[in-house]
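The block underneath contains the structure these notes are about, expressed in structure tokens.
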Amino acid sequence: MAQAVEEWYKQMPIITRSYLTAAIITTIGCSLEIISPYKLYLNPKLVVKQYQVWRLVTNFLYFRKMDLDFLFHMFFLARYCKLLEENSFRGRTADFFYMLLFGATVLTGIVLVGGMIPYVSESFAKIIFLSNSLTFMMVYVWSKQNPFIHMSFLGLFTFTAAYLPWVLLGFSVLVGASAWGDLLGMIAGHAYYFLEGVYPRMTGRRPLKTPAVIKALFADEPVVVARPANVRFAAPPVDEVPPNQ
């Protein structure tokens, strides 16, 4: 069992493995009171006035207390982050990292701007960790790129992947969890999907082209389809000509 888990972990692509490891270590550290969540949450005033810039990153690593909700989000993180990195972004690690960076920036911007809008500022002020939202963004992007895959929710009913974010959002509402985090993840995911998938087809321009400085951080290997060696192909069939009489 331990060996199987080790092999599964080693086979994860680099971004998925790094994010999952950082999230688990951070959450366990807070549960054991080795790390204080008060040192991790998003606080714009502390970021600007006291230069605690690490909060812009650490708020994406803490998934609250270790319970069933934590296990659900670890499953979603490991599954959909891995699926995106291995399939849609195969051989494009820098592009995948840039997608996460874009999502984190959009989510942070939404919370900061929302905190300044009357009537909704109190709701946004309660959003101090965006880890769930970033995970939900990955689920949304994956569902948009694989809309026709058939799925089942707890064996109760089946649906296509295009409706996965809405099913999970409905489940969050049913169990009494806040839907704000999921909604923010859907907004960030749709922003990425539109700017990277829809807008380039409409205009021929790609606004989310990965900067060269980020590409330099990752040595992406080109995806090569191997051709079997020593393979001989049969000659094309020749129409039979009836013998001359």
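The chain as shown is numbered from 1 upward.
Glycine is treated like the rest: Cβ placed from N, Cα and C.
Predicted automatically and left uncurated, TrEMBL annotations should be read as such.
Annotation source TrEMBL lists transmembrane segment at 19-41 (among others).
Per TrEMBL, transmembrane segment is recorded for 96-117 (among others).
Marked as transmembrane segment by TrEMBL: 123-142 (among others). Same-chain residues lying 6 or more positions outside the transmembrane segment (123-142) and placing a CB less than 8 Å from one of its CB atoms are 23, 37, 40-43, 59-64, 73, 76-77, 80-81, 83-84, 88, 99-100, 103-104, 107-108, 110-111, 114-115, 117, 161, 164-165, 168, 180-182, 184-186, 188-190, 192-193.
The feature transmembrane segment is assigned by TrEMBL to 154-177 (among others).
TrEMBL lists 183-199 (among others) with the feature transmembrane segment. Using a Cβ-Cβ cut-off under 8 Å and counting only residues 6 or more beyond its ends in the same chain, the transmembrane segment (183-199) has close neighbours at 99, 102-103, 106-107, 110-111, 127, 130, 132-141, 144-145, 165, 169, 205-208.
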Counting only residues 6+ away from its ends, which parts of the chain sit with a Cβ under 8 Å from the transmembrane segment (96-117)?
15, 19, 42, 44, 56, 60, 84-85, 89, 123-125, 127, 130, 133-134, 137-138, 141, 184-185, 187-189, 191-192, 196, 208, 210-211, 214, 217-218
